Amino acid sequence: MERKRWECPALPQGWEREEVPRRSGLSAGHRDVFYYSPSGKKFRSKPQLARYLGGSMDLSTFDFRTGKMLMNKMNKSRQRVRYDSSNQVKGKPDLNTALPVRQTASIFKQPVTKITNHPSNKVKSDPQKAVDQPRQLFWEKKLSGLSAFDIAEELVRTMDLPKGLQGVGPGCTDETLLSAIASALHTSTLPITGQLSAAVEKNPGVWLNTAQPLCKAFMVTDDDIRKQEELVQQVRKRLEEALMADMLAHVEELARDGEAPLDKACAEEEEEEEEEEEEPEPERV
């Protein structure tokens, strides 16, 4: 086997480089490169060579196959080192004297001086935009799972929604729909019509009208109005009966409490009259 070994000028003095050609196999003709230290130790790869030399030599630009230093990599590394050293030497002075604290807007009203070149111009403002705060989509779902209790700490039974009301959106239950409609009745002055767009069922995250509750569009018929009127009349009648019973009970309680003091006062008046009759009249001289 033909072996050629010669001195490697890129490495320290005494290091030799050897090329061994392969005679057979799929990689026939390929040459294996080895390096030998002055003591005769053999190295088969660049990592072995770097571990052996350690910090005595920089092998970042060394080509293990050719045994030479790559000049383009050497120039780039020199430029990088020169740039880093110049930055470290010069540096930018920190002239900022502000305290390193977060600057937030003041919650207190502060005077503002208005300077303008056109005093006749008027500033237009829309107070409605400042009042209406943006809301999350499907924020009504946060109200689901909440229950109401009366003064006796008993659970209040939730009302049943009409059959014509159907929810819209992912995971919209009857409880969520009831909370959404109740919130719309208390927080909005607009008429409740539901989601009028038909595309909201395909992609509610895009076509949802945030001004309306999470329900499909519905129509209020005369039959619905009649049923609601009957329900209101029944509730009013029950309320009237309850108020009347409470008033009668209150009157009876006052009557029972007023009998004893009244009898006692009458008895005291009779005793005073008897004492006045028993007193003798003074004799006349």
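Residue numbers in this text run from 1 along the chain shown.
Positions of Cβ are set from backbone N, Cα and C atoms, glycine also.
Checked against Swiss-Prot, the residues Ser56, Ser60, Ser179, Ser197 yield a single entry marked phosphoserine: Ser56. In the structure shown, across all protein chains, Ser144 is the one of the modified residues Ser56, Ser144 with the greatest number of other Cβ atoms within 10 Å. Note: the CA-CA distance between Ser144 (phosphoserine) and Ser56 (phosphoserine) rounds to 71 Å. In the three-state DSSP scheme, Ser144 (phosphoserine) is classed as coil.
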